[in-house]
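Colleague: Handing you a structure now.
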Amino acid sequence: MSGFLSPSQGLVPTDEEDRASLISVRSVDPSPDTLSKLIRRLRALTLTLLPVEVDPESINEPTSRVITPQVIAAYRAAAGDFVEALPYCLLRARAEFMWDANHNPADYGENLGRAVACEVLARRIVHLSEPDRIATIMSTRYQHRQIDGDESEMASALESAIDQHCTIFLSSSEAQDVVNALWGGELVQKNNGKTDIEYVSYADTRENSFWGHLDVSRLSVPRYQNMFRIFVWFFFLGVYSQAVREPLDKLDPNHTTLDEWEFILYFMALAFVIEDMYKFFTLLKFVTWRAFSFWNAVTFITDSLLFAAFILRVIGIQGSPEQQVSYRLSSFQVLSYVAPFIWMKLITVFDGYKYIGTMQICVARMLKESGIFFALLSVLAIGFTQGLYALDAADGSTDSPMVTVNVLIQALLQAPDYQRFDKSPAGMWLYYLWSAVTAIVLLNVLISLFSSAYSDVIDDAEAQYLAFFAQKTVGMIRAPDSYVYPAPFNLVEVFFVAPFELIPGLKLNEKHYAKLNRYVMGTIFIVPLTFIALFESRFSRNKPNAWLSNWFRGDDEGAGDSPANRNPTVDDPKCEGLEISKVPFEELVKVFPNTQMSSEAIIIKELNSLKKQIETLTKALEKQN
């Protein structure tokens, strides 16, 4: 009855269990209803495991007294023949517990602990899986039945963890191995149709040679996308810097057309707008609106300003001489507003580096927490604006409402204009109150919110960054796209390649369309593809002649645990007869404490052992009597 709790059947899966699970999930393809039943069963188990509130930190401890080896074995047994889908179902159960926690404040602590338990269990179960199956467990996409009866969008365990920002799961070595393999292109997506993908080893699909790696699909590798993006963005910053100098360099009033820098600027801006619109559509289709972040808002504002500047410039070119001057001035004024945003987006270009990535997480978290401050500020600002405007209207004449708004903003920015109300004592006292409330109360609230958000990120900086890096990597490849045209070359795809896929009269079959893309991309990107093929075939870390990479990066020998390392022999002729392993490794470790179990578990184990010895002794005495 409790055989699944034994070490051989609980923590180390048998061959029969592996084969049964692999066959059942990969070939049977469980339906959403089947997985929903498994999710409900896991929820029932978790409710039984944690009927009361438990500290989440104690649940996540390596020697937790809650998530014990026996509990992990019980959850594995609860999945039956669907162990491959168990991490996905646990993460779905976590999402439901978090929903319960956010919508039922009275039981927030209990449900938060249950959500953390599901995430920890998913991490531990993946850790117990065979190394050659981890990529399959992470990438296999499933569906479940939602509360309203509809089928959910297909998602994998890795994608579900990213959508929920599961730092515990994503910071595991198994998850990061998959993410790093995706980042470097060692694992690539194989599109099986109907948004079903799986990760396969790229080395198994190509020969290890220069021509084998000269493949246009390598442009979709996140690492190379990031490098290309850095180069293009620096080029765009240079073009923008030259374009905004145009009013100084072109003082001739007859200069009414776009110069070469403006043409390149708006050409690249159009490419970025199309790329960002595609990303927004992808987020809504494959993820949810919750995936939108602060940087998506910055991108939207940047694209909107560039588009507005271009429209004003075109209207000025087509208008009368008076309109040309006016619209040209307005165009460059709008274009000047773009500068802070495009330099701010430089952070997202280099966020693959840990320091900048952690800084970006801190900024995003602080801006998210500042919502409380801006909500209070908005309510108070409306009230004080109305009050000061009413005092101004008491004498029968009023100034523009923007004058009152401007005075309040000056006080908020620590530059109050008290002379504005020197003739109205009531207005002066109200203005004093506004200055005191904003300077003493609201700003201190904002500072405390920023401090709390910063400390939350820094205290768990490693896990936060690893989760962010996983989101960045998978976000680049989440929408299945076999032919990636990075901006600004996506315009070539939109205007010259896509018509052969969409327009009925020009539509090519799948084989010829793939051949067209390979020819076009091979011609445009021949230089970067050559460098990529040279790097992967000659200097890649996975190749035998990877001396250059090893020289720069070094070899990780910290995990080396082999019999030769445990009991080394001395082959030095100068030390003949001397030994390192006078005391065997097995004898040395006998005095080590058991760090895999909590102190409570060790005490219980010793008590159970003592209990069995007493029972044995009692039976022996009874037989003698």
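Glycine is no exception: its Cβ is also placed from the backbone N, Cα and C atoms.
Among the features that TrEMBL reports, domain 'YVC1 N-terminal linker helical' is placed at 36-214. Here TrEMBL flags 227-243, 263-281, 293-312, 332-350, 371-391, 429-450, 516-535 as transmembrane segment. Feature annotation from TrEMBL assigns domain 'Calcium channel YVC1-like C-terminal transmembrane' to 261-532.
Quick one: how deep are these features, and who are their neighbours?
Modeller: Non-local neighbours of the transmembrane segment (227-243) in the same chain are 219, 259, 261-262, 264-265, 268, 272, 335, 338-339, 342-343, 345-346, 349-350, 486-488, 528; each lies 6+ residues outside the stretch with a CB under 8 Å from one of its CB atoms.
Within the chain, the transmembrane segment (263-281) has long-range Cβ neighbours (under 8 A, six or more residues past its boundaries) at 232, 236, 239-240, 243, 296, 299-300, 303, 306-307, 310, 313, 487-491, 494.
Listed by sequence, the residues of this chain that lie at least six past the ends of the transmembrane segment (371-391) yet keep a Cβ under 8 A from its Cβ atoms are 398, 401, 404-405, 407-408, 412, 421, 424, 426-427, 430-431, 433-434, 437-438, 442, 445-446, 449.
Below 8 angstroms of C-beta separation, residues 366, 369-370, 372-373, 376-377, 380, 384, 387-388, 391, 407-408, 411-412, 414, 416, 418, 420-421 of the same chain, each at least six residues beyond the ends of the transmembrane segment (429-450), sit close to that stretch.
Listed by sequence, the residues of this chain that lie at least six past the ends of the transmembrane segment (516-535) yet keep a Cβ under 8 A from its Cβ atoms are 210-211, 213-216, 218-219, 224, 228, 482-483, 485, 489, 492, 496-497, 500, 508.
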Colleague: Looking only at residues six or more beyond either end of the transmembrane segment (332-350), which have a C-beta under 8 A from one in the stretch?
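Modeller: Distant Cβ neighbours of the transmembrane segment (332-350) are 229-230, 233, 236-237, 240, 243-244, 246-247, 295, 298-299, 301-302, 305-306, 308-309, 312, 356, 359-360, 363.
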